[in-house]
């Protein structure tokens, strides 16, 4: 393939120059629209799939497909922030409606059990664009020193490094690929039906993941036999076809079982589990420190003589010129995002202090076995709580040693 060619979803060789050609669904849709006829069922979905397949950029070994969910943040965020900087009322409307739109999209994808790069793209591009506005609009005013810019840059780099570590393997349970074909034979169906696949995390995103099984023993996880006790059957995952160790769970978005599964985070487009939970907390902490520091520096520049908290709500000179208005709008956008991330970090720190995961808290609420503490911010199951210091010591030691096999994992 040359740089402008690609193989489409039908397996045919195509060229970027023909992106608007040979689309039967689009031709039929236009014809029906001109004749005032309704579209056949599924026509819009097929047209959307064709557009997503043809949205590509030239590359060395062939045109590379662009994920559609990456595009909206790159286009809409700068446009909306610049429009919000035109007038105070426009800023109020946009900054209040933007979180509502993001939450609506989150619940839409969560209900459909879809993975999306929208939130990761929005987070990364927001960081880059806020840093760009800070360098272009705030630093040239002369009230921010080189050491302060360096400190802000170091915080941003450390946060991205922690985020990169959090994006790695969260602790997926191993399923040998060589065992997949042989797993279709000899699997006890009764045990699968009798076991619990955990409705909160028991939906896989692909048919291949649901047909995987393990015959014999593979790295401490073995197939379930019909003679095993009921306690073991409760840890059986019917989707991954394996016996899960304690505190492991199945993610319905990733289609995999994860050791000490906490939750699936849409902001990193990955699960948070035993191997990356520490990096996830570190990334949130660096983000909070860097964001608050950047907000403070910006407010001290455009609203001099006022404390940052007062300047956030009362800054008379913010809309005196467009540069100040854009900086003030970006400050409010950062403040809204920081408040949301701060709430997530608070819940995480409380859960760690009580040694409970988000998954265990949801299960405890469903089964009415947990106790609400601190006004419902944390659900204490009491199962793994060993005191504040022991709980944090346990969290800081996550991933430091390979998981131990318990007696019920051995068949």
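Note: Cβ is positioned from N, Cα and C throughout, glycine not excepted.
Feature list (source: TrEMBL):
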TRANSMEM  79-105  transmembrane segment
TRANSMEM  117-134  transmembrane segment
TRANSMEM  146-163  transmembrane segment
REGION    177-198  region 'Disordered'
COMPBIAS  184-198  compositional bias 'Polar residues'
DOMAIN    233-361  domain 'Palmitoyltransferase DHHC'
TRANSMEM  279-302  transmembrane segment
TRANSMEM  322-346  transmembrane segment
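With respect to Cβ pairs under 8 Å, the transmembrane segment (146-163) is most closely packed against 279-302, considering the stretches 79-105, 117-134, 279-302, 322-346. Within its own chain, the transmembrane segment (279-302) has Cβ neighbours under 8 Å at 130, 134, 138, 141, 143-144, 148, 151-152, 155-156, 158-159, 162-163, 165-166, 168, 265, 268, 272, 308, 311-312, 315, 317-318, 324, 327-328, 330-331, 334-335, 337-338, 341-342, 344-345, 348-349, 352, counting only residues six or more beyond its boundaries. The residues of the domain 'Palmitoyltransferase DHHC' (233-361), classed with DSSP into helix (H, G, I), strand (E, B) and coil, number 73 helix, 16 strand, 40 coil.
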